[in-house]
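Below: the structure, in structure tokens.
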Amino acid sequence: MITSRPLTTTATVVCKRAATFGGPQGVLNGKPAVVTLQHQAWTPARHFNSTSAPKITEYFPVKETEKIKTTKPAWPHPIYSYDQMESIKVAHREAKTWSDWTALGAVRILRWGMDFASGYRHEPAKELMEKDPDAAMKKYGMTARKYMLRNIFLESVAGVPGMVAGMLRHLHSMRRMKRDNGWIETLLEESYNERMHLLTFLKMAEPGPFMRLMVLGAQGVFFNAMFVAYLVSPKTCHRFVGYLEEEAVYTYSRQIRDLEAGRLPEWENLEAPDIAVTYWKMPEGKRSMRDLLLYIRADEAKHREVNHTLGNLNQKEDMNPFVSQYKDDSKPHPSKSIDTIRATGWEREEVI
């Protein structure tokens, strides 16, 4: 809603910061990054500032219908505590077999493509950071716009493996006329979760035609490649996704560090969109951009654990350890939560 009321000094500064989201020209990949300020009533939960946080224009607002009030998610998200989310660390599972090395090599190729699409340069930046931090930040520093484009591209690809694997295992179960032992639901839920990440970021920024074209091409190639690869070696595919999620955890960890260091001023006062608040059940007062990144990073860490674990199992006979009931509940075991998370996955002898 357009208002004629004069903006306060603080609101003016926020507007200027938010206008830089799309770069010097105030655009996001060729399209205006429209930002609006919504006047909200002051509540006791926000003692530090009564100025409304900037919110980027809703790019796909919810359509009101005559009969339907709301549609609940098919898979409600488990509750994460802040101690659990803060404890998530970057980790890497060492490649041991030819299957592991194949998966790791494929992830490195895919990461190169994502780096190229988003302007992200990890290795050169790391080397220069050790010699000249100021020069490294100037040459390779990531902006809020670059991070957002990378996130959109990453999540548009990350939602493919779970859907492909779940679909093929569904068909395989019917063809063999046997139970799938609980794998399908977990894989489809993972794909659903990645799509929610994408929808959340799309609520905050609209990609331009070039990025849409890249997403279309990457998704088409990646879907068919995963389809063939999962038919050949599902174990390798799960290891591949495990390594891919390792990269995702690193990416979001770096974004959190840059945000905390003040390198992303556009995100400092940005609040999570309503779709994120509802899905993750984000508590009042814990709905900042940093909080949102913590939730998403925790999800990626969970996918890392799940796929590294599934990659250790017998693909045809073993049960899904993340939805199974155990004979001895006193011992740590896999679950849907992140309270007993294993960064590099559970070994088969630990769960089967």
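Cβ atoms are placed via backbone N, Cα and C, with glycine included.
The transmembrane segment annotation in TrEMBL covers 147-168 (among others).
Residues annotated as Fe cation 1 binding site in TrEMBL: GLU155, GLU194, HIS197, GLU300. Other Cβ atoms within 10 Å of the Cβ of GLU194 (Fe cation 1 binding site) number 26 in total over all chains. Under the three-state DSSP scheme, GLU194 (Fe cation 1 binding site) falls in the helix class.
Residues within less than 8 Å, Cβ to Cβ, of GLU245 (Fe cation 2 binding site) and separated from it by at least 6 positions along the same chain comprise ALA158, GLU300, ALA301, HIS303, ARG304, ASN307. The feature Fe cation 2 binding site is assigned by TrEMBL to GLU194, GLU245, GLU300, HIS303.
Residues or ranges marked as transmembrane segment by TrEMBL: 210-232 (among others).
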Would you list, in sequence order, the residues of this chain other than GLU155, GLU194, HIS197, GLU300 that have their CB within 8 A of the centroid of the site's CB atoms, where the site is the one recorded for Fe cation 1? LEU154, ALA158, GLY159, ASN193, ARG195, MET196, LEU198, ALA248, ILE296, ASP299, HIS303
Same-chain residues at least 6 beyond the ends of the transmembrane segment (147-168) with a Cβ under 8 Å from one of its Cβ atoms are 21, 28-29, 110, 114, 117-120, 183-184, 187-192, 194-195, 197-198, 201-202, 204-205, 207, 211, 214-215, 218-219, 222-223, 226-227, 230-231, 234, 237-238, 240-241, 244-245, 248, 251, 255, 258, 264, 303
Within 10 Å, the Cβ with the most other Cβ atoms among the binding-site residues GLU155, GLU300 is that of GLU300
